[in-house]
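These come from TrEMBL:
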COMPBIAS  28-39  compositional bias 'Pro residues'
DOMAIN    136-226  domain 'Late embryogenesis abundant protein LEA-2 subgroup'
REGION    1-39  region 'Disordered'
TRANSMEM  74-104  transmembrane segment
Amino acid sequence: MAAAADSPPPPSPSTDAPPQAESDQIKKPPPPNLAPPPTTYVVRVPREQIFYYPPPGNTAKYEKLSRGRERRSFCCRCCCFTSCLLFLLIIAAAVSAVAMYLVFGFQSPGYTVTKVAIHGMNLTSATPISPGFDVTVRAENPNRKVDIYYLKESSVNVYYDGVMLGYGVLPDFYQPRKSVTVVRATVAGSDIVLGGAAKAKLRNAQNRGKVPLLLTVEAPVKFEVGAVKTPFWTS
């Protein structure tokens, strides 16, 4: 009994955890948030939703070009309108001429130069000449239903050997149907220079009393049928 009393008491159980267990209980920090890898995306936009704007530096140039296109478009429209109007006038004149020929039996008027008086043509001097011509023209209207109006801005020219010797105009006048009218025009030239051969040839013709002159007459006219007048023509 005494021996049992002298024996040491049994060790009490320890509550301390081993060192390895403590290290396992330490919390580790969470891993950092990694950015996703770079990726290329393709965005498709419908064509009708795409709008184009010029750069700021090209805005003035863009506006200038736009105004130029508008002016060119306006000029093109004016040219087209003018061309159409001229075409319609030509068609109307052609229709009038055909109607006159077919319906009224139109005949072209006749013209005859009945007299030419020459004065002031000094061919013996070496100085330039200033000739004058008094021209008498007989105009005949053979139509039975057409009257003729001879308008202003006519021209009468006299040529010799390709050189114009004088210029003049016809008076404006009215010629009724089936009638003959005699008109006179004064043609004058100033400081006309002729070569030696041309002057000698003209002098010889003048001495013979037969001078081959070319006379051209152009006159704007209007034809009247009843109460209708055609656009002017050049005869």
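Using the three backbone atoms N, Cα and C, a Cβ is placed for every residue, glycine included.
Please treat TrEMBL annotations as automatic predictions, because they have not gone through curation.
Counted with DSSP, the domain 'Late embryogenesis abundant protein LEA-2 subgroup' (136-226) comes out as 13 helix, 47 strand, 31 coil. A mean pLDDT of 90 is what the model gives for the domain 'Late embryogenesis abundant protein LEA-2 subgroup' (136-226).
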